[in-house]
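Read the structure below first, then the notes.
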Protein chains: 2
Amino acid sequence: MSPHPAPSAARAPLRVALAGIGVVGGGVVRLLEANRDLIARRAGRPIEIVAISARDRQKDRGIDLSAYRWEDDMGALVAADDVDVVVEMVGGADGPALTLARQALGAGKALVTANKAMIAHHGLDLARIAEQADTPLKYEAAVAGGIPVIKAIREGASANQIARVYGILNGTCNYILTLMERDGANFADALAAAQAEGFAEADPSFDVDGIDAAHKLSILAALCFGARLDIDAVAAAGIRNVIAADIREAEALGHRVRLIGMAERDDGANGGGLYQNVQPCLVPADHPLAYVPGALNAVVAEGNFVGRLFFEGAGAGAGPTASAIVADIIDIARDEYGPAFAMPVDALDEAPAADAGARVGKHYIRLIVEDRIGVLAEITAAMRDAGVSIESFIQRGDEEGGGVVIALVTHEAPARAIDAALAPLRASAHLVGEPMHMPILAL
Amino acid sequence: MSPHPAPSAARAPLRVALAGIGVVGGGVVRLLEANRDLIARRAGRPIEIVAISARDRQKDRGIDLSAYRWEDDMGALVAADDVDVVVEMVGGADGPALTLARQALGAGKALVTANKAMIAHHGLDLARIAEQADTPLKYEAAVAGGIPVIKAIREGASANQIARVYGILNGTCNYILTLMERDGANFADALAAAQAEGFAEADPSFDVDGIDAAHKLSILAALCFGARLDIDAVAAAGIRNVIAADIREAEALGHRVRLIGMAERDDGANGGGLYQNVQPCLVPADHPLAYVPGALNAVVAEGNFVGRLFFEGAGAGAGPTASAIVADIIDIARDEYGPAFAMPVDALDEAPAADAGARVGKHYIRLIVEDRIGVLAEITAAMRDAGVSIESFIQRGDEEGGGVVIALVTHEAPARAIDAALAPLRASAHLVGEPMHMPILAL
């Protein structure tokens, strides 16, 4: 117990209702119990769980919930007079989570959520309801788990024009890529290992196809650029097509393969607009993102006065996610919050999508070809015809995927030219499988 | 110009006065001018400089200050009715900066400062005045420059008990150490190079003796542990005694030498209390602090739910420091602030100093000895008599500093035992110069 006069003497407890008690919900209960006194001191008032709702009351969650009022119907949390904050941990972009969020905000309750899919698809809608009801909508846990990156960007970097924001936003993909690095494994084996160790879901497509990272990126982009959140504007590719040879060749080139979500404001040279993309990239070995191990997340924000900020930590898991959720609750207890996207929804810019094809950079291209006369001429002719100049060309004679691996790095070229070079090759009878290309991250 | 209805229609401008226009003050003026519209959108109201005070009005600062009211007397900023926020950039722990800070807070103005020395020495006193006047005291720029680490800890990690907080808090030392690494240089040459390049002051003692890092560490410790800030409790050693051989041997052991400020709450096994120390350490190569290059800063906070958070960015310079100062101003404009040390001063714990001698860990010890019979026996006897067990022992025959370099790594031992082992060696006629010892950072 704290030796100090209880802050609770000064301010009434903040009363919290939890909706959805899975792994994350259990973490929130444990955290609020374990750190209760400390949180009361920091928040200036106690934070109390007053009610809980989840689908199955009988499920063994390994925690004693008997001290808390149970509601079978989530709607009862919204209706209850003794609830100040509803914490949505139900999940899913739509359905019960969205209904609960709308009702809670509409009723003037504060809403805290870890639901990246819901924020990515309905964040503006929810923020507008929150504004009308003059109540907080907070979602720190929706991006990069325990890393307080929403706060760091919304508030810590608020004085800056952000040139670009990017990072490793999906721990499952990073775990798989680092396994491939460590073991020389191919994607399928590394995925199976990640699944066995609990780092990937049985149905991994949400993670490995870049969808989860796209949700998070769209949220970061809205905050960084004061733009209307637009998940449909994010182009997302995942890591299924990365093969062991890509990891090897990247390393030989002084790079590592990482799934990078990046949002950048076009400077106007190509018509302006916002570039938002999730795809595997080659990251230079002297960039801090190259050292992010295992299932961690990391975010880089580049500001016009602060320069490059780098944040790293656990991107998922019960403890880190609970940490972010409760930080939001403490902000609410302290009355330290403002508009969900840093400014009112009507003050956000319409941000047209940038012309991604005009984006210039170096690219890594990998092809698997039949080992026969004329193939190299076909490749180099395709590059020449598209105006793509080759900086380095590697053919080690390695066989993989039923052919010989050819890797090359281009000089700076627009993405459109790379696509144009690959188009005839995709149709070539001498290519085995799809060509792979990855941008090389510029420092 | 923003196409949106001006947020200024809703709320009156926040009126700011700047005291001290050196490098940082110039940066603040430039930032508020360059990002004016963006800041008004994010803050929900314009932020206007209404007055400026510095010692020499005629000095050429490379910026046009003619648009702003000039006050020769800083006290006039406090007295002015049209000033909401005073930004103290005068510097120095006491004297005019402290007088201004006390007067501004006492008059109910908000105070923003980058002055780590003043906060380290008088932070509690100033926080108390701020509480009494119910006005904000903010100091994000005082620790780790542009990295929003005060916010990340005060708010982002607020749900956690912090086990320890540590990092690279002085960019000058990190610059010098990385030069020594890159060039195999000794300290004196690397310092001279850093001075020539503007990364070290003509009188470098504030930086290289660990004083600046100690100021920052004491602030982080108060925030992380809810403890009364106590700069006198920080033991500080600098990097003057690090020699080229230390860097080499550390690298051979898979480590890098970094000046680390660390605060840790003793778990009670040794009587409890707070450990606060700045000293060169060996950092394992797989720890992110080992990769912090040049003059950057980085901070690690370990929370009981979030795990390890890592933040990296520019620790000094006009732009990054201005970014942190203006972030504080924006928080004030948004009315998103609370007690300076996260809770009222009277709620902070008295934190007795932990028994640093009882702290257990591995240590690196380096001696320079005369190359003669009996020296090794003398060293190993001293270790044995102090109960220190040796894990590895390296004598390559390298000559440096007028003798032969011996480096050794101990098994885990209390710091007190290391001191006891070194005491007789310091008195030995066979030792050349002072022994050097550095803790090895535990992951």
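Glycine residues also receive a Cβ, built from the backbone N, Cα and C atoms like all the rest.
Because TrEMBL annotations are produced automatically, they should be read as predictions rather than curated entries.
Features as listed in TrEMBL:
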{"type": "ACT_SITE", "residues": "A:Lys216", "note": "active site, proton donor"}
{"type": "BINDING", "residues": "A:Ala19, A:Gly20, A:Ile21, A:Gly22, A:Val23, A:Val24, A:Gly25, A:Gly26", "note": "NADP(+) binding site"}
{"type": "BINDING", "residues": "A:Lys116", "note": "NADPH binding site"}
{"type": "BINDING", "residues": "A:Glu201", "note": "L-homoserine binding site"}
{"type": "DOMAIN", "residues": "A:364-436", "note": "domain 'ACT'"}
Count the other Cβ atoms sitting within 10 Å of the Cβ of A:Glu201 (L-homoserine binding site), across every protein chain shown.
13
Taking DSSP three-state, what's A:Ile21 (NADP(+) binding site) in: helix, strand or coil?
coil
Quick check on the binding-site residues: of A:Gly20, A:Gly25, A:Gly26, whose CB has the lowest count of neighbouring CB atoms inside 10 Å?
A:Gly26
Of these binding-site residues, A:Ala19, A:Ile21, A:Val23, A:Val24, which scores lowest on Cβ atoms within 10 Å?
A:Val23
I need the CA-to-CA distance for A:Lys216 (active site, proton donor) versus A:Gly25 (NADP(+) binding site), whole Å please.
20
Other than A:Ala19, A:Gly20, A:Ile21, A:Gly22, A:Val23, A:Val24, A:Gly25, A:Gly26, which residues of the same chain sit close to NADP(+)? List them in sequence order, counting a residue when its Cβ is within 8 Å of the Cβ centroid of the site.
A:Leu18, A:Gly27, A:Val28, A:Ala54, A:Met89
If one measures from the C-alpha of A:Gly25 (NADP(+) binding site) to the C-alpha of A:Lys116 (NADPH binding site), what distance in angstrom results, rounded to a whole number?
15
In whole Å, note down how far the CA of A:Glu201 (L-homoserine binding site) lies from the CA of A:Val23 (NADP(+) binding site).
14
By DSSP assignment, list the helix, strand and coil residue numbers for the domain 'ACT' (A:364-436), in that order.
23 helix, 25 strand, 25 coil
Can you tell me how far the Cα of A:Gly22 (NADP(+) binding site) sits from the Cα of the residue listed as 'L-homoserine binding site', in Å?
15
If you run the three-state DSSP split on the residue listed as 'L-homoserine binding site', which class comes out?
coil
According to DSSP, collapsed to three classes, what secondary structure does the residue listed as 'NADPH binding site' have?
helix
When the Cα-Cα distance from the residue listed as 'NADPH binding site' is computed for each of the binding-site residues A:Ala19, A:Ile21, A:Val24, A:Gly26, A:Glu201, which gives the smallest value?
A:Val24
